[in-house]
Amino acid sequence: MPVLTTDAESETGIPKSLSNEPPSETMEEIEHTCPQPRLTLTAPAPFADESSCQCQAPHEKLTVAQARLGTPVDRPVRVYADGIFDLFHSGHARALMQAKTLFPNSYLLVGVCSDDLTHKFKGFTVMNEAERYEALRHCRYVDEVIRDAPWTLTPEFLEKHKIDFVAHDDIPYSSAGSDDVYKHIKEAGMFVPTQRTEGISTSDIITRIVRDYDVYARRNLQRGYTAKELNVSFINEKKYRFQNQVDKMKEKVKNVEERSKEFVNRVEEKSHDLIQKWEEKSREFIGNFLELFGPDGAWKQMFQERSSRMLQALSPKQSPVSSPTRSRSPSRSPSPTFSWLPNKTSPPSSPKAASASISSMSEGDEDEK
């Protein structure tokens, strides 16, 4: 693609090849050999002094509109972001993610200031420079890490690393005798703002540690660190260890209370189950009792049946006194008829009675015939 062949500087001090001023020199076709964005995350990002841009073609300046439209594969948009990155946290990662995704084809360079510069202009850090460098190398959005980055970006630095845009949050960063160290970058049209993540910062993390210093000191003493390593006095060491013992005792008491509550809850559950089962058994027993001994129970019916049988056995039914005369069958002989004859020894009381008895006997004989 066409590139500029001049290194003249603009009025802002930024080389014309890196400023927004339109090029005035002739352009020639030179192939770019700039490093490409990382395609794999199986290895950390390289350092700039180990794999710097060796492209011999002069770096043509891009506008924000051109960069957002996209660039050829061999000409990625080189975006620069810098910082201290102490106690690397999610706020840092989100800022780098925004810088990486500003343009479709971008190559993210991250500059990390050294301990000397940081201690001089900002203050002491928790992590040393080597640890901070390594933290950035293992961030997935970073393509290249620049060690010992300058506090204020110079034209020489921008030209050396062929930087197209600088990404940072838009809050003025006053330091090193300047109200805003990115002022000249903004004037050159090379500044692209990112959004700061609220609620998380290195200062907030350090504030938490300082606020709960006793807790963390006791924690590390319990984990085997010595009072000398923690810079703790003899008296404080004994105090922290005593507090640890008190906490252990509280924890034991708490565990006993929890177990006791758990035991009581289990007993209550069991008693509730037993009461419920007892009520069910009681209802079942009462129902069975009523079925057996109730007013219409089986026992009463059985008793009545037994009683009726006993009564029948003790007092059987009597046969009828008289029965109708059955017709005799012609094949059977008639039953003999017995006549009541007067007793020979007892004479009739009177002649009338004797005649009456004789007449009745004669009538009986006629009826049988």
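In case you wondered, yes, glycine gets a Cβ from its N, Cα and C as well.
Residues or ranges marked as region 'Disordered' in Swiss-Prot: 1-27 (among others).
Taking Cβ-Cβ distances under 8 Å and a sequence separation of 6 or more, the neighbours of His92 (CTP binding site) in its chain are Gly83, Phe85, Cys139. Among the features that Swiss-Prot reports, CTP binding site is placed at Ile84, Phe85, His92, Lys122, His168, Asp169, Tyr173, Gln195, Arg196, Thr197, Ile200, with the record citing similarity to another entry.
Annotation note: Trp151 (phosphocholine binding site) sits in a coil segment as assigned by DSSP. Positions annotated as phosphocholine binding site by Swiss-Prot, on the basis of similarity to another entry: Lys122, Trp151.
Taken from Swiss-Prot, the feature region 'Disordered' applies to 309-369 (among others).
The local packing around Ser315 (phosphoserine), expressed as other Cβ atoms within 10 Å of its Cβ over all shown chains, amounts to 8. Taken from Swiss-Prot, the feature phosphoserine applies to Ser315 (among others), supported by a large-scale study or a structure entry.
The compositional bias 'Low complexity' annotation in Swiss-Prot covers 319-339 (among others).
Taken from Swiss-Prot, the feature phosphoserine applies to Ser319 (among others), supported by a large-scale study or a structure entry.
Residues annotated as phosphoserine in Swiss-Prot: Ser322 (among others).
Among the features that Swiss-Prot reports, phosphoserine is placed at Ser323 (among others), with the record citing a large-scale study or a structure entry.
Feature annotation from Swiss-Prot assigns phosphoserine to Ser329 (among others); the stated evidence is similarity to another entry.
Under the heading phosphoserine, Swiss-Prot lists Ser331 (among others), citing similarity to another entry as support.
According to Swiss-Prot, the feature phosphoserine maps to Ser335 (among others).
Here Swiss-Prot flags Thr345 as phosphothreonine.
The phosphoserine feature in Swiss-Prot is assigned to Ser346 (among others); the stated evidence is similarity to another entry.
Sequence annotations record features per position, and here Swiss-Prot assigns phosphoserine to Ser349 (among others).
Taken from Swiss-Prot, the feature phosphoserine covers Ser350 (among others).
When the Cα atoms are compared, Ile200 (CTP binding site) and Lys122 (phosphocholine binding site) turn out to be 18 Å apart.
Among the recorded positions Ile84, His168, Tyr173, Arg196, Ser315, the ones whose Cα sits within 10 Å of the Cα of Lys122 (phosphocholine binding site) are Ile84, in sequence order. Looking at the residues that bind CTP per the record, Ile84, Phe85, His92, Lys122, His168, Asp169, Tyr173, Gln195, Arg196, Thr197, Ile200, the two CA atoms farthest apart are separated by 22 Å. In the three-state DSSP scheme, Lys122 (phosphocholine binding site) falls into the coil class.
On a Cα basis, Ser315 (phosphoserine) lies 115 Å away from Arg196 (CTP binding site). Within 10 Å of its Cβ, the residue among the binding-site residues Ile84, Ile200 with the fewest other Cβ atoms is Ile200. With all protein chains in the displayed structure included, the most crowded Cβ environment within 10 Å among the binding-site residues Lys122, His168, Arg196 is that of His168.
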